[in-house]
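Database features (TrEMBL):
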TRANSMEM  6-23  transmembrane segment
TRANSMEM  43-64  transmembrane segment
TRANSMEM  117-145  transmembrane segment
TRANSMEM  165-187  transmembrane segment
TRANSMEM  194-214  transmembrane segment
TRANSMEM  234-252  transmembrane segment
TRANSMEM  273-294  transmembrane segment
TRANSMEM  306-328  transmembrane segment
TRANSMEM  364-386  transmembrane segment
TRANSMEM  392-413  transmembrane segment
TRANSMEM  420-439  transmembrane segment
TRANSMEM  521-539  transmembrane segment
Amino acid sequence: MNSTDLIVLVIYLAGLLVMGSIFSRLKNTQEMFAAGGQSPWWLSGLSAFMTTFSAGTFVVWGGIAYQHGMVGVSILAVIGVASMLVGWLLAGRWKSFGYDSAAAFLDARFGRSIVQFYTWLQGTVGVFTMGGAIYALAVIVTALIPLPADHFLADPETGHFSVTIASLLISVLVILITSGGGLWAVLMTDALQFIILTVSVLVVVPLMLLRVGGVDGFVEKAPEGFFSLVSGEFTWFFLAGWSLVFFFKMGGEWAYIQRFVCVPSQKDAKKSSYLFGILYLVSPLIWMLPPMAYRLIDPSADPEQAYILACQVVLPAGMLGLMIAAMCSATASMVTTQLNVFAGAFTTEFYQRLIRPEADDKELVTVGRVITLLLGGIAIAGALIIPRMGTYTGYILASVAILTGPLVLPTIWGLFSSKIGLGTAWTVTLLSIAVGLLVKGGFQTDGWFTDIAFFAPFTKLAQLNVRMTEIVVGTAFPLALLLIAEVTIKKTHAGWERIQANRTRHHKAVPVTPSPLPARLCGWSTIIVGAIMLVLAVVDQVDALILGGFAALLLLIGVGILLLAKRLERLATEKEAAIQQVQQEKELINNGW
């Protein structure tokens, strides 16, 4: 990166902090952690889409695409299938019960103890894992910033910006965004980075294809089997299992549930999940083409750096900085989502319930921001520790496959079953986690049971099918336990009656109108970025055509969003007026007029 890239990077990140400050005057926890139930469905869907993106996406899946080709695309595409199923079966149901968070639902459905356990476990493990995404981003950024070995910010071993210092700086940025603006700030940064990253990749793809001789040259020069949808340990069974894991993950993980409940209606919740699914079905091929094409340029590159190296080859000064800034924002989204969700859970489930039941909204918002800072410290620890635990790719694949089922399946089952209760939730969660860790630690290479003859067949099977073993243990075992409970328990649990009562009250509530503010902010932010790129196009005569085209595209998108925002605002005003009229008519009827 040169000085122009660094300037663009700093301006973009400063803009994110400004966006967070715009929402820093949130009045209550419902606005802080659920966007007041006013998020438009498209913003919720884009945010959910970007929540799964981070520098880890470019490092992990970009690395797989570089090594295995279309396999990287197919792994991402099955996530889209999972999201479509979530929209059909789960998203609307979550909204229908009328709770502002997964924690509130679990408290009513099962009891406070399981909420506190999930909060501690998912909060600490989830945020800790997000630290790995911060580390992945730091690796990408620092690889492009060479420094003299004696520079106080340099890593003497690599001659580049220190990964540790970069991880700390990125963590601080993420914490400031979340603690300042809450979920609104998270949603807004998600929408902006979606626009920037998508347009940037749309520029990178044709430039990369030109470098390798066009589409025909790419197809001819690609390694054998490069366009196969499966390869090695990533089999058809793995893809089916991975889709199932993500169905449960998106249907029961608190960060995704937050996206379903922050919109005005059940229909909006479904639409947000469908948008997520469509984007993941269509976009992976575009996203993964740069590292796939880079394989033809440099077959010996580090797979985890292939994506950013591909961008470096073709992007002019300024655009590379913007691309990295957008990657920073994507990672920030992933981490800020976790911080916001669990800061909300700790604030309401611990501080308000156990310490200060009489706390007002102003105090709770302040406490929420303090808790966000504390959770940020856990993310920093993850950024520093995970790299020392093995490969980041292996950690992500194993942790998602093994822990998703035990932590979310009792929750999803409780959406439909009237029988299971607190005891079942505890049993399934604890037993499934224990079995998962036992299999992972006992049957893998150098595991506890590898030297015991009795376990030899199981050890061999597990080592030959590592990924499938993780998926089966993490999903099939808790499902089996829940099925047994469903068959053997005869009584209706009291928690089921509580959530049904809340569902009835929620359906009688006054409908909420989506806020038009997000669209306006997205539009103006996109125009500002486009204007910066236009200035660079004037200054840089060599790459003026690329920069100018990129700027023009951003400006058109920004203007289009503003026009759409104006129309949405008019429709929202008309809808709100109609709702008020209906309410007034009901009051007149109730008063006997």
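Numbers run from 1 along the shown chain.
Just so you know, glycine gets a Cβ as well, placed from its N, Cα and C.
Just so you know, TrEMBL annotations are computer predictions that nobody has curated.
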Top partner of the transmembrane segment (194-214) among 117-145, 234-252, 273-294, 306-328 - counted as Cβ pairs under 8 Å: 306-328
Contact check, the transmembrane segment (306-328) vs the transmembrane segment (521-539), 3+ Cβ pairs under 8 Å, seq sep 6+: yes
Ranked first among 43-64, 234-252, 273-294, 420-439 for CB pairs under 8 angstroms with the transmembrane segment (117-145): 43-64
Remote residues contacting the transmembrane segment (43-64) - C-beta distance under 8 A, at least 6 residues beyond either end: 71-72, 75-76, 79, 83, 132-134, 136-137, 139-140, 186-188, 190-191, 193-194, 197, 234, 250, 255-256, 259-260, 262-263, 268-269, 271-276, 279-280, 287-288, 290-291, 303-308, 327-328, 330-331, 333-335, 337, 392-393, 396, 518-519
Remote residues contacting the transmembrane segment (420-439) - C-beta distance under 8 A, at least 6 residues beyond either end: 110-111, 113-114, 117-118, 402-403, 405-407, 409-411, 413-414, 462, 469-470, 473-474, 477-478, 481-482, 485-486, 489, 493-495
